[in-house]
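As recorded in Swiss-Prot, the features of this protein are as follows:
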type     : residues : note
TRANSMEM : 6-27     : transmembrane segment
TRANSMEM : 42-62    : transmembrane segment
TRANSMEM : 74-94    : transmembrane segment
TRANSMEM : 102-122  : transmembrane segment
TRANSMEM : 131-151  : transmembrane segment
TRANSMEM : 159-179  : transmembrane segment
TRANSMEM : 215-235  : transmembrane segment
TRANSMEM : 245-265  : transmembrane segment
TRANSMEM : 278-298  : transmembrane segment
TRANSMEM : 299-319  : transmembrane segment
TRANSMEM : 337-357  : transmembrane segment
TRANSMEM : 364-385  : transmembrane segment
Amino acid sequence: MNRTVMMALVIIFLDAMGIGIIMPVLPALLREFVGKANVAENYGVLLALYAMMQVIFAPLLGRWSDRIGRRPVLLLSLLGATLDYALMATASVVWVLYLGRLIAGITGATGAVAASTIADVTPEESRTHWFGMMGACFGGGMIAGPVIGGFAGQLSVQAPFMFAAAINGLAFLVSLFILHETHNANQVSDELKNETINETTSSIREMISPLSGLLVVFFIIQLIGQIPATLWVLFGEERFAWDGVMVGVSLAVFGLTHALFQGLAAGFIAKHLGERKAIAVGILADGCGLFLLAVITQSWMVWPVLLLLACGGITLPALQGIISVRVGQVAQGQLQGVLTSLTHLTAVIGPLVFAFLYSATRETWNGWVWIIGCGLYVVALIILRFFHPGRVIHPINKSDVQQRI
């Protein structure tokens, strides 16, 4: 394995571990500042604040990494996360928590820059494999993080945030001393180096246009992923009378199998079937899993369904790979920033929409929300079938655009 790729994957793992450490204990920290009655409201606002900052700033940071290099932006992002966790660990008033989340949201480009780094140093035909490995490392970090956070939380409610700050500080040092710059500065034109904010937003729109169909599919798939993320606990309790232990075990099994499929199967299937067919296989597997969730009535039936849902994990790496090869090397940061922005946009919209739909339909049948997910997959397959984008290159200058589109 290329050392640069390995370091990028380690950074992704550490970043996800930091997130996983703090999320289960954040409500407990909030309770110390706002009281039990206002925890849910403040928790939701903190999550939404971070996500909205990512929606706005991730494409700009990605574009910035195309201009000045991957390492400086990655270091800024890791420093922002470290500062966020340190502020949370030492906060004495609630507004400091909001300040920390604001800083982390504005500077948070770790995933986008790590993906750009991988795209810089891997051949096009193996992108799906490495994007799958990236997803697997993120999933592994999200599995390990809550375990560490749970044990650290036994020390104090602030201890998990100190651990998260230390882990992100470690990732910062790895990036500073070991990770090499992968972006070729010779490919950056003077026009790009001196680009204004208006020109940056214009260039983002120009890049999005030829990829609009694939980006819509990406958005739909990420949006569908918000259904179980939002409703798994409620659905398990109501349909199968699960307690907290069963919910936790099911999430752990799904997380592990999902990571294995992304890391081991995504690249293999894409290599033998091609990215488009790999995407279709993933959509069909996940769609069947959603349909079965809607109709099954026994708790034991969930476990084979989880394998289908895990197989759906090959979809996003294959889609990310097929989008990545349609964008020139000089615009990988911008592209990955746009994908990060779309991902966080679904994290804002999805819970609101699907929680409302579930609440509105649960009295008649609490399986409707999974059927809606299947319907969205049908839309994604139709777009995938009829949308055929050509190869695009980020518009460094107009003559280059005309030659390459």
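Numbers here mean position along the shown chain, with the first residue as 1.
Just so it is clear, glycine is given a Cβ too, placed from its N, Cα and C backbone atoms.
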Quick check: do the transmembrane segment (245-265) and the transmembrane segment (102-122) share at least 3 Cβ pairs under 8 Å, counting only pairs 6+ apart in sequence?
no
Please indicate, using numbers and ranges, the residues of the same chain that are 6 or more beyond the transmembrane segment (6-27) and have a C-beta under 8 Å from a C-beta there.
39-40, 43, 46, 74, 78, 81, 85, 88, 110-111, 114, 117-118, 133-134, 137-146, 148-150, 152-153, 157, 160-161, 163-165, 167-168, 170-171, 174-175, 178-179
Near the transmembrane segment (42-62), which residues from the same chain, at least 6 beyond its ends, have a CB less than 8 A from one of its CBs?
26-27, 30, 33-34, 73, 76-77, 94, 97-98, 101-102, 104-109, 112-113, 116, 197, 200, 204, 333-338, 340-341, 344-345, 347-348
Mark yes when the transmembrane segment (364-385) and the transmembrane segment (278-298) have three or more Cβ pairs under 8 Å (sequence separation 6 or more) and no when they do not.
yes
Residues of the parent chain within Cβ reach of the transmembrane segment (102-122), under 8 Å, 6 or more residues beyond its termini:
2, 4-5, 8-9, 11-12, 15, 49-54, 57-58, 61-62, 65-66, 70, 73-74, 76-81, 83-84, 87, 130-131, 134, 138, 171, 179, 182-184, 320, 324, 329, 332-333, 335-337, 339-340
Contact between the transmembrane segment (299-319) and the transmembrane segment (337-357) is defined here as three or more C-beta pairs under 8 Å separated by at least 6 residues; is that satisfied?
no
Candidates 215-235, 299-319, 364-385; stretch with most C-beta pairs under 8 Å toward the transmembrane segment (131-151):
299-319
Can you tell me which recorded stretch out of 159-179, 215-235, 364-385 has the most Cβ pairs within less than 8 Å of the transmembrane segment (299-319)?
215-235
